[in-house]
């Protein structure tokens, strides 16, 4: 079974679990959200709204659905964070000393990046969890920048809780039209994308300005 076939059959698999046993349904949502975070092509927009639909039908309960989605999300975020942590800091700095000039990045700027992530990493992890496509991969730079594990888990949980509640509530309100949730969420995720893009551009401009002034002083 390829990814496309799996995505197509995912609602049926969750539905079969719900019909079999309520707790199997919660377990299926947890596993699906774990896989969604582990493999970005699987969108949470088809999992949590489906859970909300079953809440709407009275087959599942709201809080266990949200809790299952949250736990699955946290478990799925850990491998990506671990991959980021495995990037050897010393080797990365040595690599930047050799090849960093080709990309305009030096070991000093890496340290500045870490310092900036120390100050603003919490916000990046929180808001990143609310943007489809970014929500999974935000765990990697958090690991690379050596974000402490406890703040990472706390802010990942906070952002993911908002996201899972939002999607579940959308599924409840949309009922049988739960699959149209992307249209309902587009203005929200679009606004957050614009905010993150503006923040990233502001950082780039700030770095360029610092470089210009540093060269003038030298």
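Using N, Cα and C of the backbone, Cβ positions are placed for all residues, glycine too.
Just so you know, TrEMBL annotations are computer predictions that nobody has curated.
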Feature transmembrane segment in TrEMBL, mapped to one of the ranges 3-22, 23-42: 23-42
Range annotated as transmembrane segment in TrEMBL, from 129-151, 152-174: 152-174
Feature transmembrane segment in TrEMBL, mapped to one of the ranges 62-83, 84-105: 62-83
Remote residues contacting the transmembrane segment (62-83) - C-beta distance under 8 A, at least 6 residues beyond either end: 26-27, 29-38, 44, 47-48, 51-52, 54-55, 129, 136-137, 139-140, 142-143, 149, 152-153, 156-157, 160-161, 163-165, 167-168, 172
